[in-house]
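Participant: Have a look at the structure that comes next, please.
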Amino acid sequence: MHAEALNTYQVIVKNKMFSNAGRLKVNMGNIYLKQRNYSKAIKFYRMALDQIPSVHKEMRIKIMQNIGITFIKTGQYSDAINSFEHIMSTAPNLKSGFNLILSYFAIGDREKMKKAFQKLIAVPLEIDEDDKYIAPNDDPHTNLVIEAIKNDHLRQMERERCVEVVKASQYVELANDLEINKAITYLRQKDFNQAVETLKMFEKKDSRVKSAAATNLSFLYYLENEFAQASSYADLAVNSDRYNPSALTNKGNTVFANGDYEKAAEFYKEALRNDSSCTEALYNIGLTYKKLNRLLEALDCFLKLHAILRNSAQVLYQIASVYELMDDPNQAIEWLMQLISVVPTDSRALSKLGELYDSEGDKSQAFQYYYESYRYFPSNIEVIEWLGAYYIDTQFCEKAIQYFERAALIQPTQVKWQLMVASCFRRSGNYQKALDTYKDIHRKFPENVECLRFLVRLCTDIGLKEVQEYATKLKRLEKIKEMREQRIKSGRDGSGGSRTSSRREGSASSDSGQNCNASSKGERLSAKLRALPGTNEPYESSSNRELGKCRAPPSPNSHRRGRIGEAAPHTRGACGNSPRHRCSHRTPGERFW
């Protein structure tokens with residue numbers, strides 16, 4: 001609404017009491033520029049320039065830049081040159097310098113183009129040298145430009161000349177550090193192949209450089225799950241510099257990956273003796289003690305780490321996890337509450353809180369945290385199941401439908417979720433919708449006996465003719481099932497029943513302690529589903545039995561990248577002696593450090 005905006009601005013600038021008329025005239029000039037009324041745009045820019053005090057240098061430079069751009073649009077290159085030359089002599093910037101070169105090009109003045117280019121490259125970039133060729137993720141245009149220039153001829157020449165100058169100087173030892181930094185830059189750009197090639201050049205260098213390069217190579221191979229290579233380079237790094245804490249930490253990680261936790265702990269302890277600030281080693285010792293079920297020692301490590309890193313989400317999670325393993329749910333809940341104050345959107349932490357409250361019998365609090373977890377990550381099948389079961393338990397079956405429908409989308413080959421949807425429709429009184437759902441299930445899973453049983457009963461109650469068809473199919477499937485069971489039974493009886501049964505008894509007795517204490521979450525969830533109506537119970541059942549209260553803790557292998565968990569011990573790269581580079585080699589997606 002340019003016309004209305006201009007009228008409003010005119011009323012304001014005519015008011016003598018208003019002291020910032022110059023700024024509004026810039027806005028008016030911008031509107032005229034959009035309308036391609038270039039003469040008026042220049043007029044208002046110049047009026048603004050006259051009214052803005054000289055102390056506001058930055059604003060005056062921006063206005064002069066607008067004036068120069070407007071002159072370029074009108075083809076008045078000489079006037080544009082005057083504006084840009086003034087800017088480059090008082091407060092040079094990249095845009096004005098580039099536009100000055102273009103203006104000289106337009107009038108064909110090559111000599112002045114060269115001088116303008118010299119002024120342009122003298123303008124400081126105001127960014128860190130290491131970040132020059134790292135593209136920001138939120139600007140697609142800049143990403144394309146940086147992708148084009150990060151390895152062009154000018155960049156190659158810059159890199160080669162820099163290293164050559166250093167090699168020819170008295171600081172020749174810095175050339176190795178430059179190459180190491182180059183590898184680090186490749187790592188930050190996630191160009192692992194180039195990083196590996198660069199680091200392998202140092203295998204025959206002096207011990208300090210060799211150790212740093214081998215440490216990073218070990219780190220890279222560890223990330224790629226090539227543990228043999230990671231172990232080999234970790235050994236090379238340790239042998240080159242026995243006091244390198246990063247090398248010792250990575251060596252411990254390779255031993256940890258092979259399951260030798262006692263030996264891994266020794267490497268981590270040695271890393272800490274060499275560098276007491278090596279937080280990765282301290283964290284990994286905690287993980288190792290946790291694996292060894294030395295929970296008090298693990299808790300001591302993580303509490304020490306918490307004193308160093310107060311708001312570390314990973315450390316808070318580990319403390320809560322150890323308390324849970326120590327059967328202290330109240331302390332686990334307290335530390336998880338601290339965790340969600342640091343990462344309020346972490347779905348796994350929220351679902352863990354729900355799980356703990358559920359085990360304590362506090363269903364309302366459990367529901368709150370499970371619901372929040374679902375809101376942030378609506379694809380966790382265990383959370384979805386719990387919410388659906390909660391609504392069935394509280395007699396709100398129609399609300400459970402959306403969760404079981406979501407589960408059916410995630411696991412379309414699992415018939416149980418679709419049966420639960422149909423069961424919810426039936427229990428909420430929507431028999432027609434239930435019938436349609438059962439028919440759809442039967443089309444997808446024609447061999448499912450339970451679905452046919454419900455179809456027979458529903459068709460009988462409603463008085464539909466299809467009842468005979470479904471009853472015939474049901475009898476046929478039940479007969480097939482009975483024959484299969486008889487064959488299996490006869491096969492067992494004919495294969496030495498007494499010997500098999502005694503062996504089975506022995507197996508059961510030997511495993512009983514383990515099974516008692518370590519039932520898997522999958523078994524518990526299956527038990528809960530069996531307790532829900534509509535899976536294995538007959539049609540008449542309107543089960544009010546209590547839903548399972550206990551939920552097993554998630555397996556460490558259920559960790560997703562980017563969520564809090566303990567998928568692997570923390571690795572560490574080495575960047576020489578500079579502390580600012582120590583943390584540049586974290587595992588991608590590892591938000592802890």
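Just so you know, the numbers here start at 1 and follow the chain as drawn.
Heads up, the Cβ atoms here are built off N, Cα and C, so glycines get one too.
TrEMBL annotations: computationally assigned, not manually curated.
Pulled these features from TrEMBL for this protein:
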REPEAT    22-55  repeat 'TPR'
REPEAT    61-94  repeat 'TPR'
REPEAT    245-278  repeat 'TPR'
REPEAT    313-346  repeat 'TPR'
REPEAT    347-380  repeat 'TPR'
REPEAT    381-414  repeat 'TPR'
REGION    485-593  region 'Disordered'
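For each listed feature, how buried is it and what is near it?
Facilitator: Mean pLDDT for the repeat 'TPR' (22-55) in the predicted structure: 88.
Residues of the repeat 'TPR' (381-414) grouped by DSSP class, helix first, strand second and coil last, total 27 helix, 0 strand, 7 coil.
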Participant: Using DSSP, break the repeat 'TPR' (22-55) down into helix, strand and coil residues and give each count.
Facilitator: 27 helix, 0 strand, 7 coil
Participant: Mind checking which residues of the chain, 6+ beyond the ends of the repeat 'TPR' (61-94), have their Cβ under 8 Å from one of its Cβ atoms?
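Facilitator: Counting only partners 6 or more residues beyond its ends, the repeat 'TPR' (61-94) has Cβ contacts under 8 Å with 26, 29-30, 33, 36, 38-39, 41-42, 45-46, 48-49, 52, 100, 102-104, 106-107, 116, 119-120, 122-123, 125.
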